[in-house]
């Protein structure tokens with residue numbers, strides 16, 4: 001019997017004006033121009049935070065808040081790609097690899113389609129897999145709720161982990 005593991009993660013961050021002339025959000029490690037930045041202890045990358053939580057959840061290893069607490073000054077402004085690679089190291093150490101990841105970002109703006117391939121490529125690189133195993137898509141909430149009012153952004157990630165047959 002093959003022991004697959006499935007995990008799900010969600011992350012939300014509020015938009016805010018950081019006082020800088022150039023505002024942007026970082027999603028899947030890609031800086032995207034926007035009218036606001038994201039309020040967060042780290043870089044606020046909801047895509048990678050949701051993905052990391054999904055990976056941890058698949059193995060019952062807690063959540064990113066336990067591994068990277070916002071009370072630790074060392075995590076201030078942390079690049080979420082560093083966080084994701086750390087989490088994936090735990091996946092590999094447990095004897096698993098990523099089968100695939102499916103990520104949905106919910107926001108009215110910014111529009112993400114022009115950045116889709118770059119986001120997928122970053123994730124595939126960090127998780128040592130082919131880009132065809134990574135899905136990133138965006139949807140609006142039809143102007144409903146906090147994302148509809150453009151108060152923040154949300155991401156949901158689902159992952160499938162499979163045993164690492166190569167033993168690498």
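Numbering starts at 1 and runs along the chain as displayed.
Positions of Cβ are set from backbone N, Cα and C atoms, glycine also.
Keep in mind it's a predicted model, so treat the numbers as computed, not measured.
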Of 41, 49, 67, residue recorded by Swiss-Prot at the divalent metal cation site of 11, 13: 49
Residues flanking the divalent metal cation site, with Cβ no more than 8 Å from the Cβ centroid of 11, 13, 49 and excluding those residues themselves: 12, 38, 40, 44, 45, 46, 47, 48, 50, 154, 155
Neighbourhood of residue 69 (4-CDP-2-C-methyl-D-erythritol 2-phosphate binding site) by C-beta distance under 8 A, where only residues 6 or more apart in the same chain count: 75
Using Cα positions only, nearest of the recorded positions to residue 49 (divalent metal cation binding site) (11, 72, 140): 11
